[in-house]
Amino acid sequence: MGPSGLVCALLLAACCCCRRASGVPGEAEPPTPEPLEVEVGGTALLKCGPSHSPGNFSHVDWFSVHKEKPTLIFRVRKGQGQSEPGEYQHRLSLLDRGTTLALAHVTPHDERIFLCQGKRPQSQEHRIQLHVYKAPEEPTIQVNPLGISVNSEEPEEVATCVGRNGYPVPQVIWYKNGRPLKEEKKRVHIQSSQIVESSGLYTLQSVLKAQLVKEDKDAQFYCELNYRLPSGNHMKESREVVVPVFYPAEKVWLEVEPVGVLKEGDRVEIRCLADGNPPPHFTISKQNPSTQEMEEKATEDNGVLVLESARKEHSGLYQCQGLDLETMASLPSEQQELLVNYVSDVRVSPAAPESREGGSLALTCEAESNRALEFQWLREKTGQVLEKGPVLRLHNLQRDAGGGYRCVASVPSVPGLNRTQLVRVAIFGSPWMTSKERKMWVKENTVLNLSCEASGHPRPSISWSVDGTAHEQDQDPQSVLSVLNVLVTPELLETGAECVASNFLGRNTTTIFLELDSNRTTGLSTSTVSPYSRANSTSTEKKLPEPESKGVAIVAVTVCVLVLAVLGAVLYFFYKKGKLPCGRSGKQEMERNTSI
């Protein structure tokens, strides 16, 4: 290189050095800022240069740079700090002998570059990029309550996801049945937007739209928010939701409850079902056995026919018809037979059996059923099983054989299915009285109810030997109870009352004796004879025993009367013989005789 070239090179080098030393803004690229991450509400520690860099920090100016415009916010002079008026005036403090500036209560608005400039011993500067983070709240999800039709030609809104108060804006991911969804033309569309709150935090709203099919009727959708904190990446999930999916029915069918064998008296529900959503409008029809035509049945609920107490007439063929109200297409179900097992028309012959004492009877039971029947005979008043089979034979009938006999017709293959028929056997005979005679303690002038019961076939009639008001009650077809209301008079006490029962085969009586109870207060009152125990025609009712104290008193009075009578007789005897003087001397003579 010649002398002239060397001179030019030296001049060029000197010019470049002068340019670098001049520090003209825009003529040299600033250094890359040092990143610093802080959560909202925390404290940012701004260091003026790397910790290993030498320097004197006794004279430093701090700037906040917003939109490339620096603003002085803090001065350090001789190690003492002073805040400048403004938004940072009350949140800044000096730490570590002036090397660190602490910014308290960090907000999203603080996300910017902070610049420190040192003046001595030489000019130097350091830039810090503050990054602010805030975790969003738990995401909320709201499903489309109106649902989605599979016939829709465009994606319809499935659900909306909202994540509130996060910073920066979180990322949203939608899932269906645990698998992430991605944008798909005419199939899946995700539309997200955000709102900046006054606090500087973001509220994210994301709407998922999709074109669904019938298989999505049980699909579970949820959204996930992905966000970053100084500690790393994090995520939050919403709850899972199911959107109503509407699709036409392809099949209609019929169900019967209860499932299994049905019998008369059961509560039966015939229900129509379909695989569409919403269900179509249902009608239920039953085949008319005479015309073979299907006739519509009235239902209280859509597609539900309730038989509160099933009968054999309810048996037959049933069918459901589903009408789609959107397409007006009708879809029938297959016909299904309903079978109600029954036992009916239980009959006993003869219907009114009669016999004389010593005779015989044969009672035959018949019934109708769609299944095999079993019969048994029971005595009504005891419940005793007398015979198994449709025929009951009774021999050498006595009076006590009269009464009720019950035929039970049952279906062994259907538990609980049975019907009964009661028949009453009448034994011809004269009236049979419950008791032949009774004694009653009464008081005069009382109104008394006298009762008398008799049985026989034919049913006896009852009359009374005394006047009064009588009322009759049938105890059973062969028994009658008569109650007589009568006033107790001296004549009634003397004669008593007789109850006479009679039919064309004879008559029988019951006599009621009345005795005055002297220990009872006389006055007009009403007394009723309590019902008595049934006895045969020769039995008598026992008189109620008097209290023991009353009997002892009567005996004691009787003995005293006898003693007085004997003593009186003795005294009278001595008087008649002249052995009993009436004067004082007589008294002394008597005393002497007594002493002898």
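Cβ from N, Cα, C; glycine included.
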>> Please identify the range among 178-200, 270-292, 523-545 that TrEMBL labels region 'Disordered'.
In response: 523-545
> So, by DSSP, how many helix, strand and coil residues make up the domain 'Ig-like' (139-242)?
Replying inline: 5 helix, 61 strand, 38 coil
>> Need one number: mean pLDDT over the domain 'Ig-like' (344-424).
In response: 94
